[in-house]
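J.: Sharing the features that TrEMBL gives for it:
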| type | residues | note |
| --- | --- | --- |
| DOMAIN | 20-264 | domain 'NADP-dependent oxidoreductase' |
| ACT_SITE | TYR53 | active site, proton donor |
| SITE | LYS81 | site 'Lowers pKa of active site Tyr' |
| BINDING | HIS114 | substrate binding site |
Amino acid sequence: MVVSLLDRLPLKNGLTIPGIGLGTYGMDDNEVEEVVFTAIMNGYRLIDTATMYNNEVGVGRGINRAINAGISRDELFVVTKIWKNEMGFDSTLKAFEASFKRLELEYIDLLLIHWPNESDDVNLETWQAMETLVEAGRVRALGVANFTRGDLTPLLKSAKIKPTVNQYEIYPGHSQEELHEFCESKNIVSMAYSPLKRGKLTTENKLLKIANRHNKTVSQVVLRWNIQRDVIPIPKTTHKERLIENAAIFDFELSDEDMDILNEMG
């Protein structure tokens, strides 16, 4: 379990990954540039984007502004993804070149398959292309998103470089504990998108009681729940005050009883 905003979890390939990050889905290039820059200057080190978000240019600008302001590139952990219509060996390499050009970074820390194809063969071809990018030093780690146990199993059997991360939707009431346990058994770190259920958890009575007991917000309680499960949450916000609030989750701890309540929500 990470104990601070700058603390990291180990990945199976020897790298480490920040324990909380910034999601950027739904932001355009101009908006995301400011949000990414502000997040990094306030301590965030993990930034998540994707081809499908249509904002890699802005994400790259925000990151490079932070680097120019004195943040070391080595401190940052940048994630992007291969979209459904970019899969297959040659298409994946072409898609990566486009993302690489848009982001304007020396390397990508983590490249994910954004969504599994119905064909295990297509997933594997895509993965094999991604493996060549690691071997060339252009990508540091590989992973997947929205993969079930059934999607992961054939990939794990065939991949030379094993997936380090599975990013999928996790929030109280949708904890996906079986998938989380399977990923843990394979040394795959779970990363949670939409960890706050798009703001729909803030009036949940069980969560409000826990939040009041700790003098925290519901959002902080939910993010802390993820941290204590060794899940990396990547909440999205465009507001500086919310960025700071979401990161202020390392000065309290949920009790076993608290954790049980959140876990039992489903």
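Positions of Cβ are set from backbone N, Cα and C atoms, glycine also.
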J.: With every protein chain in view, how many other Cβ atoms are within 10 Å of the Cβ of the residue listed as 'substrate binding site'?
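T.: The answer is 19 other Cβ atoms.
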J.: Who sits close to LYS81 (site 'Lowers pKa of active site Tyr'): which same-chain residues at least 6 apart have their Cβ under 8 Å from its Cβ?
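T.: When sequence neighbours closer than 6 are ignored, LYS81 (site 'Lowers pKa of active site Tyr') has THR49, ALA50, THR51, MET52, LEU111, LEU112, ILE113, HIS114, ALA145 within Cβ distance under 8 Å.
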J.: Sort LYS81 (site 'Lowers pKa of active site Tyr') into helix, strand or coil using the DSSP assignment.
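T.: In three-state terms, LYS81 (site 'Lowers pKa of active site Tyr') counts as strand.
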J.: Near the residue listed as 'active site, proton donor', which residues of its own chain have a C-beta under 8 A away, given they sit six or more steps off in sequence?
T.: THR24, TYR25, GLY26, MET27
J.: What does DSSP say about the residue listed as 'active site, proton donor': helix, strand or coil?
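T.: Note: the residue listed as 'active site, proton donor' is helical by DSSP.
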